[in-house]
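Trainee: Before we start, here is the structure in question, set down as structure tokens.
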Amino acid sequence: MTNIRKTHPLTKIINDSFIDLPTPSNISAWWNFGSLLGICLILQILTGLFLAMHYTSDTTTAFSSVAHICRDVNYGWIIRYMHANGASMFFICLFLHVGRGLYYGSYMFPETWNIGIILLFTVMATAFMGYVLPWGQMSFWGATVITNLLSAIPYVGTNLVEWIWGGFSVDKATLTRFFAFHFILPFIVSALAAIHLLFLHETGSNNPSGIPSDSDKIPFHPYYTIKDILGILLLALTLMILVLFSPDLLGDPDNYTPANPLNTPPHIKPEWYFLFAYAILRSIPNKLGGVLALVLSILVLAVVPLLHTSKQRSMMFRPLSQCLFWLLVADLLTLTWIGGQPVEHPFIAIGQLASILYFTILLVLMPITSIVENHMLKW
């Protein structure tokens, strides 16, 4: 009798995705982040669910309900901090996952890559709306500044902003709808992640060499299940060190002050994982231009497969492209630093240069370098 694992309609899906999946024998630890993102998503949904049981999405009680969770609910403090720092771990894994895709040419799977970009946008939207919920100073002013950017859209901008706000400013209606969206979006992310995986399994995984590996596949279980468990343990360790020793390390002290529409904080800035995009937004003096640059900073990833001029898929054997890739990483770190600095000299100029360099590397230098490398190999 054939194993039920391979015949039952439900277990068959799990079997073909996580057990008998043919996997390249040489994928490195950089391929761990997909499973880690799945774990992060499950963790965020579970902790978020327990937080939602005690949270109230009303401007008068939102801030005190979060304080109540931390002070009075059994283990509420650890659930709250696991959720807040879990978001940071989520984005660390996301950035490393996208970076892996860029380095090893995983973007040559167009469906998987494009759904990945949609996932990135959706997760960013979810995180932004989640940051508004505690209704601290940075929550309120962050929501005001970012939603206000939509007013830069010609003709319909102002109406659009007021429609999103549910009034003439960020208020009770805004908070309630942000809570509703923040609750539903992770489930949409889960569905998109399933589609992401579906398309990946149509082609099979890429590998560090970028060479087709059909002739050398091994089963996912036990080889990569055990490898993923190691990754999960390291992720859990990092998260719990953060939660138990310095839970507010990545947060903003201003968010411990209740939201006050009459008092603007001296420096309005988003969470650390949005700072690179925020720096690109601020480096353009024109409002509409800034908004376009902000969207394009992520959307530029969709153009990367079209600009792949190399005869090789991966950067493993392309030292010049490797140098450019690490220059891009350094540039993104610079942008992240600039995003957290006040808008004054020399930070403005550094931010503008870093923003120009970001788009130049991805759109101009990488395709040209790939052509140069092809010629060096006499191809």
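Using N, Cα and C of the backbone, Cβ positions are placed for all residues, glycine too.
What you are looking at is a predicted structure, and each value in this text was computed from that prediction instead of being measured.
Per Swiss-Prot, the feature heme b b562 binding site maps to His83, His182; the stated evidence is similarity to another entry. Annotation comment: Swiss-Prot describes His97, His196 as heme b b566 binding site, evidence class similarity to another entry. If you look up Swiss-Prot, you'll see His201 marked as ubiquinone binding site. Residues or ranges marked as transmembrane segment in Swiss-Prot (evidence: similarity to another entry): 33-53, 77-98, 113-133, 178-198, 226-246, 288-308, 320-340, 347-367.
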Trainee: Give me the CA-CA distance between His97 (heme b b566 binding site) and His182 (heme b b562 binding site), in Å, as a whole number.
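Mentor: Distance between the two Cα atoms comes out at 23 Å.
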Trainee: Using Cβ distances below 8 Å and needing 3 or more such pairs, separated by at least 6 in sequence, tell me whether the transmembrane segment (113-133) contacts the transmembrane segment (288-308).
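Mentor: These two stretches do touch.
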Trainee: How many Å separate the Cα atoms of the residue listed as 'ubiquinone binding site' and His182 (heme b b562 binding site)?
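Mentor: Rounded to a whole number, the Cα-Cα distance is 29 Å.
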Trainee: Could you tell me whether the transmembrane segment (288-308) and the transmembrane segment (347-367) are in contact, taking contact to mean 3+ Cβ pairs under 8 Å with a sequence separation of 6 or more?
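Mentor: Yes, the transmembrane segment (347-367) contacts the transmembrane segment (288-308).
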Trainee: So if I measure Cβ to Cβ from His196 (heme b b566 binding site) and keep only same-chain residues at least 6 apart in sequence, which ones fall under 8 Å?
Mentor: Thr112, Ile115, Gly116, Leu119
Trainee: Under a three-state reading of DSSP, tell me whether His201 (ubiquinone binding site) is helix, strand or coil.
Mentor: helix
Trainee: Restricting to the chain of His182 (heme b b562 binding site) and a gap of 6 or more, list residues whose Cβ falls under 8 Å of its Cβ, or answer none.
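Mentor: The list for His182 (heme b b562 binding site) reads Gly48, Thr126, Met129, Gly130, Leu133, given in order along the sequence.
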Trainee: Can you tell me which parts of the same chain pack against the transmembrane segment (320-340), counting only residues 6+ beyond its ends and a CB-CB cutoff under 8 A?
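Mentor: Residues 99, 102-103, 269-270, 272, 274-280, 282-283, 310, 347, 350-351, 354-355, 357-358, 361-362, 365-366, 369-370, 372-373 contact the transmembrane segment (320-340) from elsewhere in the chain.
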Trainee: May I ask for the residues of the chain that lie six or more residues beyond the transmembrane segment (33-53) and have a Cβ under 8 Å from a Cβ within it?
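Mentor: Same-chain contacts beyond the flanks: 69, 79-80, 82-83, 86-87, 89-90, 93-94, 96-97, 100, 130, 182-183, 186-187, 189-190, 193, 228, 231-232, 235.
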Trainee: Which residues, sitting 6 or more apart from His83 (heme b b562 binding site) on the same chain, put a CB under 8 Å from its CB?
Mentor: Gln44, Thr47, Gly48, Leu51
Trainee: How many other Cβ atoms sit within 10 Å of the Cβ of His97 (heme b b566 binding site)?
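Mentor: Excluding its own Cβ, His97 (heme b b566 binding site) sees 20 Cβ atoms within 10 Å.
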